[in-house]
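Structure, as structure tokens:
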Amino acid sequence: MERKRKKKKALPRFQLSQVFPSLSFPLLYVLNFGPSPHLILMYSPWPYSLMMIPPMAGTTQMVFLHDNVTIACKIPGSPRLDIKTVGIIWFGKNELDDSEVKVFEFYGNHLESFRPGAMVSLSGLESGDASLHLPKVQLGEAGEYRCMLVVTPEKAEGKTILEVVANPTIRLFVKPASVRNDEEKHIICELYGFYPEAVSIKWGKYTLKDSQFQEITEGNITHPTVKNDDGTFSVTSCLTLKPSLEDHGTTYQCVVLHRSLLVPRRHNTIFSLSYISSSLFFLSPLLSFFYIYLCCVCICIYPLLSLCG
């Protein structure tokens, strides 16, 4: 018996004039190369095909909060193009609600920016560069960006994930001892203005006898993160110590790991005798007052006792 041949699924077709109403194109076939969702090649029966390769295909492009960013979309080795035959639409998909909206479009004599400041250079477009420029990026603009580029008679599109991050501002200081518990010292490591929320804070020390970093796993607590009004986060970590004279010259370190940092950020404070002996300095005025008081009492009472005798 002859085996039945499996029917090949027909490739979807569409009319490009539905995308760019001012342009008229023949039907195109859609080919999806490889498992990567970041590159789709549209191929037509004409002898030359259009391939658009977004940078770092399959990866994420990172930008810092309030910085400008250019999301690349280029045709490699493209000859000089007549922009009258070129159309470009940029879409953005919010990572929170997964909705896709237009960011920028240009075709024919029509140019419209749906996001303030969003722009594609028309002079760059003539050279096959349809990269999207976004000024002063905000946290809510993180997500997937898709560029749809048409060069008569072909069409291609590519996708890039945009990640928005914010560096933490770090402050390290020694909290003054309280009157009730003057023996304990508290080293505070404050972080604020960072994004995304995930962050790691570690404590360690270097002593005069041992220059190797020693991680401190006890006596420290990191409080829950707090969301700021601008969408960034803040957090505080505290290291509690009962230092002795042997701790003089010891360097205590707060180590911060975050998505926005290429390497861990390290902040140090050095314990000196002024920190360790602060309780003595606190008590010395009281001792002096008590000593003067006793002297006054003795001077006043002694003559009276001699008269009575």
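Easy rule for this one: first residue shown is 1, then count along the chain.
Glycine residues also receive a Cβ, built from the backbone N, Cα and C atoms like all the rest.
Keep in mind it's a predicted model, so treat the numbers as computed, not measured.
As annotated by TrEMBL, domain 'Ig-like' applies to 47-147 (among others).
Feature annotation from TrEMBL assigns domain 'Ig-like' to 168-271 (among others).
Sequence annotations record features per position, and here TrEMBL assigns transmembrane segment to 280-305.
Helix, strand and coil counts under DSSP for the domain 'Ig-like' (168-271) come to 3 helix, 57 strand, 44 coil.
The helix, strand and coil residue counts that DSSP assigns across the domain 'Ig-like' (47-147) are 10 helix, 40 strand, 51 coil.
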